[in-house]
C-alpha cells in the first residue's frame with residue numbers, strides 16, 4: 001500500500017471550524033526581548049495571562065483583584081462607595097512567611113474584613129513572642145516529639161513558643177474576665193481578637209494592624225487551636241467564673257457587613273471554614289460580585305476547599321454574573337506575586 005488509507009486521513013486530518021476573530025493566541029515571555037528585562041510583577045503577570053493553564057488563571061485573578069480594589073461607585077443613599085473586600089486565609093499561611101504579605105494588606109487598609117482559623121490568630125501572636133523555623137517535610141515525627149519541636153509542613157515551631165504564649169495570654173484572659181464580670185462586657189470572637197491585637201503591640205503582627213485600622217477579624221472556630229487550649233486551662237484557673245464568648249453576635253456582624261456592601265469581593269487563600277464563612281456571608285446579599293480562590297483542593301470528593309466558584313454560584317454565594325476564578329496553586333507560591341502585581345504596584 002503506497003497511499004495513506006482514506007479512513008486514517010479522514011480521522012486525523014479533520015478540518016477545523018473558522019477560529020473566532022476574538023480568539024486569543026497562546027503566548028509566552030521572551031526574556032531576550034529588551035522590554036522583558038527587569039520585568040515588573042504586573043508586566044510579568046500580564047504576559048503570563050496568555051500562557052494557558054494556571055498562568056492564565058493567575059493573570060485572571062490579578063485582573064479581577066485590580067477591578068475589585070479600584071471600583072468606585074455610590075451606595076443606595078448616593079454616598080461614595082468602594083468594594084467591601086473579604087480576605088480569608090488558613091492558619092498555615094500565617095505560620096509561613098506569607099504573614100508579612102498579609103500584614104501589608106491590613107496595615108495599608110486594603111481589605112475590609114478578615115476570616116481565619118484559630119491557628120491564623122494564635123500563630124500571628126506567637127510569632128511576636130518567638131521564631132518559627134524552616135525545617136523539612138521528611139523530618140520524623142517521633143524524633144521531633146522527643147525534642148519538643150512541632151512540624152507544620154516544612155516549618156518547625158519549638159514547643160517553648162506555646163509556653164511563652166500561655167504566659168502572655170493568660171493574664172489578658174484574666175483581665176477580660178474581670179471586665180465581663182464587673183463592667184458587663186460581652187465578648188465575641190472578633191472582639192477577643194481585637195483585644196489581643198491591641199495587647200500584642202507589635203508592628204509585625206497582622207492583628208496589631210487590624211486593631212489599629214479597625215478591620216474586624218472573624219474566627220468562628222476560635223477554640224480550635226492553642227488559643228482554645230489556653231481558654232480550656234483558664235476555665236479551671238478562673239472557676240467558678242468563666243469567660244463567655246458569643247459567636248452569634250459575630251455571625252450577625254459579618255452578615256450585616258455583607259448586606260451593607262454596595263459591591264462585595266472575596267479573596268480566599270486555602271479552603272474549609274474560612275472559605276465557606278465568607279461565601280455564606282455573601283449569600284446574605286445574593287452573592288459576591290468578585291471571587292478569587294487560591295488553593296490546591298480538588299472537587300471530586302465534594303470538599304468545600306475543592307469546590308470551584310461555579311458551585312458557590314449554585315448556592316447564591318457568588319452572583320451569576322460575577323467575575324471569578326480559581327487558581328490551583330500553593331498560596332505561598334503565587335499570592336506574593338498577585339499582591340506585587342495589584343495592591344503594591346502603585
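Any Cβ shown, glycine's included, is placed from N, Cα and C.
Positions annotated as NAD(+) binding site by Swiss-Prot, on the basis of similarity to another entry: 91-95, 117-119, 123, 224, 271, 296-297, 330-331. Long-range Cβ neighbours of residue 118 (NAD(+) binding site) (same chain, at least 6 residues apart, Cβ-Cβ under 8 Å): 91, 219, 221, 222, 223, 224, 225, 226, 227, 228. Reduced to three states, the DSSP call for residue 118 (NAD(+) binding site) is helix.
Per Swiss-Prot, the feature spermidine binding site maps to 122, 123, 229, 276, 302, 303, 304, 311, 312, 313, 314, 315, 316, 317. When Cβ atoms from all protein chains are considered, those within 10 Å of residue 312 (spermidine binding site) total 26, not counting its own.
What Swiss-Prot lists as active site, nucleophile is 317, and the listing cites similarity to another entry. The Cβ neighbour count for residue 317 (active site, nucleophile), using a 10 Å radius and every protein chain shown, is 26.
Taking the C-alpha positions, the distance from residue 229 (spermidine binding site) to residue 297 (NAD(+) binding site) comes to 29 Å. Distance noted between the C-alpha atoms of residue 314 (spermidine binding site) and residue 297 (NAD(+) binding site) is 19 Å.
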